[in-house]
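Noted in TrEMBL for the protein shown:
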- 60-86: repeat 'WD' (REPEAT)
- 90-106: repeat 'WD' (REPEAT)
- 107-148: repeat 'WD' (REPEAT)
- 149-189: repeat 'WD' (REPEAT)
- 190-223: repeat 'WD' (REPEAT)
- 232-273: repeat 'WD' (REPEAT)
- 274-315: repeat 'WD' (REPEAT)
- 315-356: repeat 'WD' (REPEAT)
- 357-388: repeat 'WD' (REPEAT)
Amino acid sequence: MLLSGQSTVEHVTTDANGRAERTFTLGPDLVGNTVEVTIAEHESVTFYAVGNSPSYITALEGHADGVRAVSFSPDGTLLASGGGEGFQEDGTVKLWDVATKQNIATLYGHTGAINSVAFSPDGKTLASGSRDGTVKLWDAQSGQELNLLIGHTDSVNSVSFSPDGQTLASGGGLEIALWDVLTGSKKHTLTGRMGSVRSVSFSPDGQTLASGSSDGTVRLWDVLMGSEKQILTGHTDYVESVSFSPDGQTLASGSYDGTVRLWDVVTGSEKQTLTGHRGPVNSASFSPDGQTLASGSYDGAVRLWDVVTGSEKQTLTHTDWVNSVSFSPDGQTLASGSYDETVRLWDVVTGSEKQTLTGHRGPVNSVSFSPDGQTLASGSYDETVRLWCSDRLEATSRG
């Protein structure tokens, strides 16, 4: 999000030239491998396969501007990418055949950059949220537009399907909209005295929606009633990331105030404040067993935390901002992507560096594992998406 065909976490950073990078964790590829994707303003996405020694597979090119959002279909046969990170704002969504690496459809209609794309759990519908303030639903096989969802008055920053696929949440500006996926009608508008909505995430049971906002608040919403359940306060700056634990009992929020906070989803009380980062936290991810949380920060560090005690277990270091973190499906390896142009693989137990994947010629924005842990994808400002497989470590780029 985190996997199962939807990007789970979005992290936004800016390089020295003012170009934006975003990192996503995605669902399975064609052979069931969880994929990490890094996307950059340089119009590219990179995939890797992680085994004993990863090697670069291919790059997907074709956007007229930077690639801002990516998502795999649940069965891993399709990849969607959204463009428009730079000055042109091409506003297109592209569908790629993962097996052939070919662009099978280009979806036109948005007039602003694509901030977020997500497949429905059954893989039949694709949602896109845009800077133009609209959400579109597309037939994932034909590329035909199914519905134009109008109602936001500002950029749509995040879209997310409920686990049953019947509801779509879209966040942007000062509100969240809940849509009926079948009819395209709006079920609820969720509003309150909050800042711009940066991220939205459904709980595993689909009954609760979490949102993070620019005013530093985290909010929990009742999906059925469309009502606010809890306002979680404590952060003092933008909340860029919200993520539920696998059992749905704990919510993690990462903020520009340099902290990660763990919340009790039932009571809304703060369980732990995780301090130690010396810069904004733009990525936070639970391990598959829910016992460890990884956070990535502008301070160049990845920190591993004990979810129960809140104690710091390991500090893992890059030489520049960390944009994305993602656990392997078995929870033994953590991948991190950084402005230092590398992807690093870490042993979660010992904190030792297992591999450094080099080859990108720009900051790495996104990383994501395949379900079997053998494939890794990364996207970068260098206009490439790189796929690594287990043959060799070196990556090469195309174009």
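Every residue, even glycine, has its Cβ placed from backbone N, Cα and C.
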So, by DSSP, how many helix, strand and coil residues make up the repeat 'WD' (315-356)?
0 helix, 24 strand, 18 coil
Determine which residues of the chain contact the repeat 'WD' (107-148) at the Cβ level, with the cut-off under 8 Å and only residues 6 or more beyond its ends counted.
4-7, 10, 27, 65, 68-75, 77-78, 80-85, 89-95, 154-161, 163-165, 168, 170, 172-173, 177, 179, 181, 183-184
Which residues of the same chain, at least 6 past either end of the repeat 'WD' (232-273), have a Cβ under 8 Å from a Cβ in it?
1-2, 8-12, 195, 198-205, 208, 210-214, 216-220, 279-286, 288-290, 293, 295, 297, 299, 305, 307, 309-310
What is the three-state DSSP composition of the repeat 'WD' (107-148), stated as helix, strand and coil residue counts?
0 helix, 22 strand, 20 coil
Report the mean pLDDT of the predicted model across the repeat 'WD' (60-86), rounded to a whole number.
74
